[in-house]
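Summarising the annotation, TrEMBL assigns active site, nucleophile to CYS266. Taken from TrEMBL, the feature NAD(+) binding site applies to ASP30, LYS35, THR86, THR121, GLU158, LYS269, ARG334. Residues or ranges marked as substrate binding site by TrEMBL: PHE155, LEU156, LYS157, GLU158, LYS210, PHE255, LEU256, TYR257, ALA258, GLY259, GLY263, LYS327. What TrEMBL records for 320-424 is domain 'UDP-glucose/GDP-mannose dehydrogenase C-terminal'.
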Amino acid sequence: MKISVIGTGYVGLVTGTCLAEVGNDVLCLDVDVNKINLLKQGEIPIYEPDLEDMVRRNVSVGRLRFTLDQAECTDHGLVQFIAVGTPPDEDGSADMQYVTTAARAIGQNMQDYKLIVDKSTVPVGTVDRVRGVIYEELAKRGVEIDFSVASNPEFLKEGAAVDDFMRPDRIVIGADDDKAIELLRTLYTPFNRNHDRLVVMDARSAELTKYAANAMLATRISFMNELALLAEKLGADIEHVRRGIGSDPRIGYHFLYAGCGYGGSCFPKDVKALQRTARENGTGLKILEAVEAVNARQKEVLLDKIRARFGSDLSGKTFALWGLAFKPNTDDMREAPSRMLITGLLAQGAAVSAYDPVAMDETKRLFASEPGLKLANSSMSALEGADALIVVTEWKMFRSPDFSEIRRKLRNAVIFDGRNIYDPDSIRTEGFEYFSIGRP
Ligand SMILES: NC(=O)c1ccc[n+]([C@@H]2O[C@H](COP(=O)([O-])OP(=O)(O)OC[C@H]3O[C@@H](n4cnc5c(N)ncnc54)[C@H](O)[C@@H]3O)[C@@H](O)[C@H]2O)c1
C-alpha cells in the first residue's frame, strides 16, 4: 500500500519504518529541515533500539523515503497518517495547531480518495474536527472528493518502540465507515498473523482509549509512589509490598515501581489533557488531579533526601548523577525527573557531574549555559571527587556496578537511589549509606 506519514518524530518514524519493513511504499514528511536531511543521509535523529538498521534497510531498497514537500506527501499515500506532536497548551489542553495544519494541507492538496488516520494522541472529537477542516479546504477549492477519517492511537513505548509496533498487544481502530475499517484491517494484516489484535470501535471511543490507557498507567505509578512515602514512615518496604500485590493476577506486576516520578512526552501531558477535557465537559477527574499532584511531589523526593543528609546549603558540594533520560533505552528527556533534580541542585549551590549512556547530546542541548553541570565521559568518571551518587534512571548498566570502585572515587560513600535498583542490605554491607524510595 502507498502510505504517507505526516510528522517524522518518535511515532511517525517508527510507524513509517515498520510499515515499510512489511512491504509498503512509505513517504514520511516533516517540517524540520535538519531532521529530514539527516534521515536522507541514513542517520536517525533519535535513539531507539533497532530503528536505525531498519531505516537504512528500507531506505536502501526504496520502500522508505523522506520529504519536506507537502504536495508530494499528499499525492503519495492512499493512507495519510497524522503523527505530529500534540504538546500541552498553556491551559493543559492538547495543542492542536500541528494536527490542524496537517489536516488543512491534505485538504488543500488532495486530488483523489484518501484515508486520513489520526495517530497522534488527540482529544475526543478530533476525527470530527479533522473531517471538518478538510471539508472546509475542499469547499474553498470548489471540489468534492471522497475521503475517510479514522482514529488509530499509538501505544508504542519509547525504548521498545520497534518491537511494540511489530508485535502490538492490540491495534485500536476507531472509525465510523466501513471503507476506512477495511483499509486499516488490510494494512495491519502482517501484524496480526498470530491472532486478531484489531479492536474496532467508534472514533470517539478510540480517542478516549488512548488517554485512558496512559492515565491508568500514571495512576498505578502515583499510587505506589504515595504508598512508598507511607511505607517509609511505617518502616515497611515498598518493594516487598510491590511483589506481594503484583502476584495477584487481578493486579499484575507492571507499572508498580515506586521511584522519583514519571516523566516523558506522554504521561504528564496526557494526564493534563484528559483532565482539561473533563472540565470542558462539566465534570472532573478527581483521581487524576491526585495522580498529578503526587507525581509533582515525587519529583522532589530525591532533592529532599539529599538536603536532609547534606543540609539545605549545598554550595561546594558535587553530586554524581547516573541517568538523564526519562527512562532507559531512550534519549528522550521531556519532563524527565533528572531535569528538575539538576535544576534544584544547581539552585542550592551544588555542582553536578552527570552521565547517561545515550542522552548526553540532549542534556547538552537543554543545559548548554549551565556552568555548574559537567558531562562525564563514563559512569565511573562522573563519580570522581563527588560527594554522593544519585541514580535517576534505571539503565541496565547501572544495576550491578563495581561498588568498591564507586567507594574509592566518591568523597563520601553515599548513594541516593531514585529507582530502588540496589539491595539495601548488600549495599550497606559494601559500606554505603543508602537512601532509596519507600524502604527503611
Ligand atoms: N513518543 C511516544 O512515546 C508516543 C507514544 C504514543 C503516542 N504518542 C503521540 O504521538 C504524537 C507524536 O509524538 P512524538 O513523540 O512522535 O512527537 P515528536 O515531537 O517526536 O514528533 C513530531 C514531529 O512532527 C513534526 N511536525 C509538526 N508539524 C508538522 C506538519 N505540519 N507537517 C509535518 N511534520 C510536522 C515535528 O517537526 C516533529 O518532527 C503525540 O500526539 C504523542 O502524544 C507519542
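In case you wondered, yes, glycine gets a Cβ from its N, Cα and C as well.
Bear in mind that the values here come from a model prediction, so they are computed numbers and not experimental data.
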Inset, instruction - Indicate the candidate from ALA258, LYS269 with the smallest number of other Cβ atoms within 10 Å of its Cβ, considering only these binding-site residues. - result: LYS269
Inset, instruction - Could you give me the DSSP helix, strand and coil counts for the domain 'UDP-glucose/GDP-mannose dehydrogenase C-terminal' (320-424)? - result: 32 helix, 19 strand, 54 coil
Inset, instruction - Tally every other Cβ atom lying within 10 Å of the Cβ atom of GLU158 (NAD(+) binding site). - result: 25
Legend entry - THR121 (NAD(+) binding site) and LYS210 (substrate binding site), distance between Cα atoms, whole Å: 7
Inset, instruction - With NAD(+) as the bound species and ASP30, LYS35, THR86, THR121, GLU158, LYS269, ARG334 as its recorded binding residues, calculate the greatest Cα-Cα distance and give it in Å as a whole number. - result: 24
Inset, instruction - Whole-number Å only: compute the distance from the Cα of LYS269 (NAD(+) binding site) to the Cα of GLY263 (substrate binding site). - result: 9
Inset, instruction - Count the Cβ atoms, other than its own, that fall within 10 Å of the Cβ of the residue listed as 'active site, nucleophile', considering every protein chain shown. - result: 25
Inset, instruction - Find the average pLDDT over the domain 'UDP-glucose/GDP-mannose dehydrogenase C-terminal' (320-424) in the predicted model and report it. - result: 97
Inset, instruction - Could you measure between ASP30 (NAD(+) binding site) and CYS266 (active site, nucleophile) for me? Cα positions, answer in whole angstrom. - result: 20
Legend entry - Pairwise CA distance, LEU256 (substrate binding site) versus CYS266 (active site, nucleophile), rounded so that it is a whole Å: 18
Inset, instruction - Name the secondary structure element type, per DSSP in three states, that contains GLU158 (NAD(+) binding site). - result: coil
Legend entry - Cα-Cα distance maximum in Å, computed over every pair in PHE155, LEU156, LYS157, GLU158, LYS210, PHE255, LEU256, TYR257, ALA258, GLY259, GLY263, LYS327 that the record assigns to substrate: 24
Inset, instruction - Select the closest residue to ARG334 (NAD(+) binding site) from the following recorded positions, measuring between CA atoms: PHE155, LYS157, ALA258, GLY263, CYS266. - result: GLY263
Legend entry - Alpha-carbon spacing, ALA258 (substrate binding site) to CYS266 (active site, nucleophile), which is rounded to whole Å: 19
